[in-house]
Amino acid sequence: MKVLALRHSVAQVYADTQTYVHDDSKDEYENAFLISNLTTHNILYINYSVKTLKILNKSGIAAVEIQSPDELFALIRCNFTYDYENNTVYLHDYSYYTNNEIRTDQHWVTKTDIIDYLLPGWKLTYVGYNGKDTRGHYNFSFTCQNAATDDDIIIEYIYSSELDFQTFLLRKIKERMTTSLPIARLSNRVFRDKLFPSIVNIHKRVVNVGPRNESMFTFLNFPTIKQFSNGAYLVKHTIKLKQERWLGKRVSQFDIGQYKNMLNVVTTIYYYYNLHSSKPVIYMLGSAPSYWIYDIRQYSDFTFETWDPLDTPYSTTHHKELFFDKDVTKLKDNSILYIDIRTDRGNMDWKEWRKVVEQQTVSNLSIAYKYLSTGKAKVCCVKLTAMDLELPITAKLLHHPTTEIRSEFYAILDVWDISTIKRFVPKGVFYAFINNVTTENVFIQPPFKLRTLPNDYIVALYALSNDFNPRQDIINLINKQKQSLITVRINNTFKDEPKVNFKNIYDWTFLPTDFEIKDSIITSYDGCLGIFGLSTSLSSKPTGNNHLFIINGTDKYYKLDQYANHMGISRRSHQVRFSESATSYSGYIFRDLSNNNFNLIGTNIENSVSGHVYNALIYYRYNYAFDLKRWIYLHSIGEVTVEGGKYYEHAPIELIYACRSAKEFAALQDDLTVLRYANEIEGYINKVYSITYADDPNYFIGVRFDSIPYEYDVKVPHLTFGVLFISDNMIHDVITVLKKMKTELFKMEVSTSYTYMLSDGIHVANASGVLSTYFKLYNMFYRNHITFGQSRMFIPHITLSFSNKRTVRIENTRLKINSIYLRKIKGETVFDMSE
């Protein structure tokens, strides 16, 4: 949902839009809670409170102040990610298609011939990093840019087996127009750009697990972050390959040589980072034109020194000349060297050309070895060709996508490689490598071992759920790692499936109850965004590839009503109740009936089941931004601090009742996952609370009334206001609690309206208006370690007769309390008090 805050209402009517006027009789938190549970996607918030907007944003719900009709139109028609700390809106708006336009934020693309393969009459527009160059389109009171681009389509095409780009592009645009927006993927770059600076500022040692190409620019500013990926393809791995011949296969209709060179250099940079944790100077031989340097420098400041007889326009220092073996002495330490020297073929015969290429390969290797043989902190990426060669067995082979699969590939060498054993590799084996292996990631660091790192902050986004990681090892890491942000795939199946298919692999699935962690927050993507200064207009879908975000060691843990809170907890319930259910009271009715409470009079006001816990369980797929386990735990230890809102402290037994209702709901829906989740949450409640039951009671609290509007034959008709199991020396403690509660007890507005048979031979009258006070009393006894209440639900009633009688119905009648007393069962009254 998105909340657009206005000072006055608008005449225009928008689809899927609801108006909410700030209620001055309620505080900012209560207004935020009410807004968050509205069911439309767009909320026009009139006469808004700035603090209410802040509360919503910290909860991950995008809430933006609107100052003009243009701002309203821009935000109501698309989804966006909001940096609420810097008041910047990142639109995810593809309406530019109506300009016959596709967009890119990678400059190198604009220097290719891609325009020849677009849809007829279409153009390509460069919009800068995250759409920064579009800021001039929006003259708004907040900073606004459109981060939507088609780079995902371009990159997917490059790695696909398809050659016809126009057909591919058309299909992908049609898919985009007919499927829901993948908001997590679109906002992820914005999220990473907020996340890592904040983590690095606090933690000296940061580990990042499983980065992919979409993160390749993000980490250029963070050389100290230790990366873990899937490892490199080494020369020694070629021993498994059978020899092949030249393939000569076209990969892309438009020239992607620039992209290949950029990937080679970025791969080398990250390889250097993992060795030396600092930024290198970048030397490049055969550099022209290297338009992609512009892209890298948009993200991070690097020094490029280049050699080529042709221009390299974005280089820091360019030498318009050839580079020779003798020039290696010009290259300094703390650097990387990219050797991409290759003479143009021109009209040369292919055999003659082949000789030249092989000579250049030998020359390139000679320069690489000479560069690495002296000095320190050096890494080289060198262009090679398929030929009979000796290479160090630990050299890293690269084959990033290029326009045609021919004879070229690249190798990364460091100062240790040149002193290791070399292996002879025949030309046919290199062709087998070129023909069959595509380097899919610029991060070629070793895989992460699932073990705790006590001194490090671990970030693992979408990286650990794969089933090649033992499931229990994943759980152990999350349970034991003190500081981390780790995601695992949520179990949103209905058959409680332990693993699910994802692309060509399987992922383990998890529920919050799989983990035993303290001082940690378990939430959704949008809940996590709120913790790091962002919010989003579109929540994750209830099904599909969604993840739990588990934040260990956060200082936000005790801020229960600010982050990963209960905002939106009833939204799905409202959607169902007011659209498709038998009555809008269906949830209240079911919760009472499933706990054998058949008095449904006032069920929406007076009920014994925690609606928060019930909704958090049965609709967890919709509202898992709410950290239920944290909420339960902080209540159990009495560490709940709230800034505002309508706060009600549940008695622990109310939470148990909610679990029982949720289990029955799950059984009726054949939802095995909710069934297990509710069982495990009930177990967790029993673990963190010390709940005892007076199922064999020896005392009871009675309430006498001035008069009863029914016939009765018991000596003194009374309301049994709970039973206790206590020793005689605890009587004083019970009386102390009753005295503290005296005012509230006598303020109860008790009423009755019918009689019924509680069981065979027990005729009783219903009693309404007492449950909220009963649970307050329960909590007082619980905190004083006094066993009060039974395991079955408390059903307030007044015993009239121990014989079978017919039901009597009367007008709802108020009962005046005469006295409240404590009496031993089958014994004497030990305490009595009157108003």
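Every residue number used here counts from 1 along the chain in the order it is shown.
Cβ atoms here come from the backbone N, Cα and C positions, even for glycine.
Applying an 8 A CB threshold to same-chain residues 6+ apart, the list for His718 (active site, for 2'-5'-phosphodiesterase activity) reads Gly702, Val703, Arg704, Phe705, Ile798, Thr799. Under the DSSP three-state reduction, His718 (active site, for 2'-5'-phosphodiesterase activity) is assigned to strand. Taken from Swiss-Prot, the feature active site, for 2'-5'-phosphodiesterase activity applies to His718 (among others), supported by sequence analysis.
Residues or ranges marked as active site, for 2'-5'-phosphodiesterase activity in Swiss-Prot: Thr720 (among others). Long-range Cβ neighbours of Thr720 (active site, for 2'-5'-phosphodiesterase activity) (same chain, at least 6 residues apart, Cβ-Cβ under 8 Å): Phe700, Ile701, Gly702, His797, Thr799.
In the three-state DSSP assignment, the secondary structure recorded for His797 (active site, for 2'-5'-phosphodiesterase activity) is strand. When Cβ atoms from all protein chains are considered, those within 10 Å of His797 (active site, for 2'-5'-phosphodiesterase activity) total 19, not counting its own. Marked as active site, for 2'-5'-phosphodiesterase activity by Swiss-Prot: His797 (among others).
Look at Swiss-Prot and you will find Thr799 (among others) tagged as active site, for 2'-5'-phosphodiesterase activity.
Annotated region 'N7-methyltransferase activity' per Swiss-Prot: 171-245 (among others), in sequence order. Each residue in the region 'N7-methyltransferase activity' (171-245) has a pLDDT score, and their mean in this model is 94.
Residues annotated as region '2'-O-methyltransferase activity' in Swiss-Prot: 246-428.
Here Swiss-Prot flags 429-555 (among others) as region 'N7-methyltransferase activity'.
According to Swiss-Prot, the region '2'-5'-phosphodiesterase activity' annotation covers 693-835, on the basis of sequence analysis.
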Task: Run through the Cβ atoms and count how many others sit within 10 Å of the one on Thr799 (active site, for 2'-5'-phosphodiesterase activity).
output: 17
